[in-house]
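S.K.: Below is a structure I'd like to ask you about.
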Amino acid sequence: MTGFADETYIDVSSGKGGDGCVSFRREKYVPKGGPDGGDGGRGGDIVFVVRDNLKTLMHLRNRRVYKAENGRPGMGRRKHGRNGNDAIIEVPPGTLIKNAETGELLKDLTEINDSWTALKGGAGGNGNWHYKSSVKQTPRHAQAGVPGEECRLHIELNVIADAGLVGFPNAGKSSLLKKITNADPKIGAYAFTTKIPNLGVINYGYGTAVIADIPGIIEGASQGAGLGIKFLKHISRTSVLVFLIDLLDENYLEAFDLLLDELEAFSPVLAGKRRLVVGTKLDLEGATDNLEELREKLSGEEVIGISTFSHIGMEEFNKKLAELINWKNAD
């Protein structure tokens, strides 16, 4: 999966605090100047920031170690050492940060420009002027800076979208995504054309919605078969699911139940999301009759038919999807 990186491990360490300074005031007319060693600077932090222009974690795979700058030592005349620069790690929205050793979820970053400090830099040490007292006029020691922290993090991406397209391979998900959004997914007349999640944006005039197309699901996906389990997580954040069913597939009447079973096995929450069932390839011979049979079988579901090739049903689809997304946004 060279085109889509949704998981990686990185080693991070915050900066050490700068050491305090041992120094004494030296001026022409002050032969016995007191201590004036300044404090060390604070070590830099490890900070994660969410950026809208990032869609994968590929940039983190190319660099596995992040270290913040150490604080600088204090100086004479009570001059404070410079604080170390933070190490800024930019990630896409939907990034989960976990402790690699324990698996504990540390942070879920979802909002653009959100930031989170994973590790704090060490405090700077006190200069020797702090230790002057009535009995110790010339302290010749200062405090060392506090060491930084370090750990290994597991970084995982769950893409954020308003609606997710699910279906068996070659059900027409990529064609639909290209039709309704500005996305340009790979499209072909063979199974598993989509090998990575694709995102597109649909503009309704009064607002926009992000649509996610994940690789085709096959039976057993929830247990790891095919590409499914790797990418099912990418529809976990959506509130609307669009089930695409190839009306000319020999198993078109069973497809919805099979898909729902796989989603439920992966996560019961997925199977409980609001949904729309869409029969595809309605322009082809026999599809209209099959659509009616599908509607009869799924009488409790909202079922519509479309053809991305001849535009049949596309206006109705856009309207239904907008209603579902607006319902979601009103929650």
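Every residue, even glycine, has its Cβ placed from backbone N, Cα and C.
So TrEMBL lists these for the protein:
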- 2-160: domain 'Obg' (DOMAIN)
- 70-90: region 'Disordered' (REGION)
- 161-326: domain 'OBG-type G' (DOMAIN)
- 167-174, 192-196, 213-216, 280-283, 307-309: GTP binding site (BINDING)
- S174, T194: Mg(2+) binding site (BINDING)
- 277-304: coiled coil (COILED)
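Please situate the listed features within the shown structure.
M.R.: Summarised as a single figure, the pLDDT of the domain 'Obg' (2-160) averages 92.
Sequence-distant contacts of the region 'Disordered' (70-90), counting only residues of its own chain at least 6 positions beyond either end whose CB sits under 8 Å from a CB of the stretch, comprise 10, 12, 14-21, 23-26, 36-51, 54, 59-60, 121-122, 124-125, 127, 129, 142, 145, 148.
The Cβ of K281 (GTP binding site) has G172, D246, L247, L248, A287, S307, F309 as same-chain neighbours under 8 Å, each 6 or more residues away in sequence.
When secondary structure is read from DSSP and collapsed to three states, S174 (Mg(2+) binding site) falls in the helix class. Cβ-based neighbour count (10 Å, all protein chains) for S174 (Mg(2+) binding site) stands at 25.
Proximity of distant same-chain residues to the coiled coil (277-304), defined by a Cβ-Cβ separation under 8 Å and at least 6 residues beyond the stretch ends, is recorded for 171-172, 175-176, 242-248, 252-253, 256, 310, 312-313, 316-317, 320.
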S.K.: According to DSSP, how is the region 'Disordered' (70-90) divided among helix, strand and coil residues?
M.R.: 0 helix, 6 strand, 15 coil
S.K.: Taking only the Cα atoms, work out how far S174 (Mg(2+) binding site) lies from G167 (GTP binding site), in Å, as a whole number.
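M.R.: The separation of the Cα atoms works out to 11 Å.
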S.K.: For S307 (GTP binding site), what is the tally of other C-beta atoms lying within 10 angstroms of its C-beta?
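M.R.: There are 20 such Cβ atoms around S307 (GTP binding site).
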